[in-house]
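What Swiss-Prot records for Asp12 is active site, proton acceptor. Per Swiss-Prot, the feature active site, proton donor maps to His40; the stated evidence is sequence analysis. According to Swiss-Prot, the feature GTP binding site maps to 11-17, 39-41, Arg296, 322-324, 400-402, an assignment based on sequence analysis. Per Swiss-Prot, IMP binding site is recorded for Asp12, Glu13, Gly14, Lys15, Asn37, Ala38, Gly39, His40, Thr121, Arg135, Gln215, Thr230, Arg294, and the stated evidence type is sequence analysis. Annotation source Swiss-Prot lists Mg(2+) binding site at Asp12, Gly39. What Swiss-Prot lists as substrate binding site is Thr290, Thr291, Thr292, Lys293, Arg294, Pro295, Arg296, and the listing cites sequence analysis.
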Amino acid sequence: MADVVVGIQWGDEGKGKIVDRIAKDYDFVVRYQGGHNAGHTIVHKGVKHSLHLMPSGVLYPKCKNIISSAVVVSVKDLCEEISAFEDLENRLFISDRAHVILPYHAKKDAFKEKSQNIGTTKKGIGPCYEDKMARSGIRMGDLLDDKILEEKLNAHFKAIEPFKKAYDLGENYEKDLMGYFKTYAPKICPFIKDTTSMLIEANQKGEKILLEGAQGTLLDIDLGTYPFVTSSNTTSASACVSTGLNPKAINEVIGITKAYSTRVGNGPFPSEDTTPMGDHLRTKGVEFGTTTKRPRRCGWLDLVALKYACALNGCTQLALMKLDVLDGIDAIKVCVAYERKGERLEAFPSDLKDCTPIYQTFKGWEKSVGVRKLDDLEPNAREYIRFIEKEVGVKIGLISTSPEREDTIFL
């Protein structure tokens, strides 16, 4: 059976800590979408690890880690991540169906961002998915056969010729790209496998599989705050499509949310707090992007968005992260509905334009940091947790009270 860990906000919810905390109980941890535009930060024994492509199970020697087919892979960046770990043989597997991000994709991404101003990371994620949908992409499995790779690259060179100047690819792009693959392909190829068959077999044997999403539900290309979204499907349903596991294989869906809200880049954010309180949340929560180091926009918990995300993903339980960031705040707000043109909205609309938050205010608490038992939380903190559970209709199974792995309350 497989369990899914999925972000139910705009990403950066703390999925990495949760996966790291529970990965020891699984045979496989699988990253199922996105690229190196995402980042997980894990603190293990006082050491901070920043992962962008590697599944969060790499810190457990007995855990097998898979990068599955809907992930887009920068071979250069993955090689750099691999070099930081030892003994990955028979512990890391990359789907032969996953698509390769080319340097051209990053150049195109940067070019388009100048006019679109979506707030992308300019890592080439979107353009790589574009080539995938156009059926002209290069897949990881192509790196295993020099002849096939050469054919695919020649087709790529022909296709991008009219755009070389606009995308600032340089006169030696073809030669440089050939050298790029000669440098990195030998380091990556030993890890490339048919992970679809591997996971189907593991599921049939009853092995435990943890499916790890990137970004968050509200950035989903179809169901998120379009056009300010990522280029992949970020919901739990994508886990089945990417891995080849059928929906019957899914057991638990764990939705990850912070005790407040954050967003990176442009796009609507009804509960954003642009007063000094927003700055306080950013500073105390260390809200800066793992990948880009950009400061995250911060605000109050949005229950309209949270209920929507829980319904989309079929969440069976929630993990409430960074409760300790709210320590010491006298009045804590929660967005319980939106108002738009005089109308109260309790359902999440396809367009958040002109939506303003309707808040309910709660009394704060002094300290929750480091608490590991529910009964040790102050009454106001417990009331806040109970309110979220009641409004969303999904039980909270886990609460994080610091970045440390052990500072976790299990319910």
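In case you wondered, yes, glycine gets a Cβ from its N, Cα and C as well.
Here the structure is a predicted model, which means the values were calculated and not measured.
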Indicate whether Thr401 (GTP binding site) is helix, strand or coil by DSSP.
coil
Close recorded positions near Thr292 (substrate binding site), where close means Cα within 10 Å, chosen from Lys17, Asn37, Gly39, His40, Thr121, Gln215:
Asn37, Gly39, Thr121
Restricting to the chain of Arg294 (IMP binding site) and a gap of 6 or more, list residues whose Cβ falls under 8 Å of its Cβ, or answer none.
Val264, Gly265, Phe288
Please give the IMP site's span as the largest CA-CA distance among Asp12, Glu13, Gly14, Lys15, Asn37, Ala38, Gly39, His40, Thr121, Arg135, Gln215, Thr230, Arg294, to the nearest whole angstrom.
34
Integer Cα-Cα distance in angstrom, Gly11 (GTP binding site) to Gln215 (IMP binding site):
4
Binding-site residues: Gly11, Pro295 - member with fewest neighbouring CB atoms within 10 Å:
Pro295
Rank the binding-site residues Asn37, Thr121, Thr292, Thr401 by the number of other Cβ atoms within 10 Å of each Cβ, and give the residue at the low end.
Thr292
Within 10 Å of Arg296 (substrate binding site), Cα to Cα, which of the recorded positions Asp12, Gly14, Asn37, His40, Gln215, Thr401 are there?
Asp12
Just checking: which of Gly39, His40, Thr121, Gln215, Thr401 have a Cα that is within 10 Å of the Cα of Asp12 (active site, proton acceptor), counting only these recorded positions?
Gly39, His40, Gln215
Euclidean distance between Cα atoms of Lys293 (substrate binding site) and Thr121 (IMP binding site), Å:
10
In Å, rounded, how far does the Cα of Thr401 (GTP binding site) sit from the Cα of Gly39 (IMP binding site)?
20
Calculate the distance in Å between the alpha carbons (Cα) of His40 (active site, proton donor) and Lys293 (substrate binding site), and round it to a whole number.
13
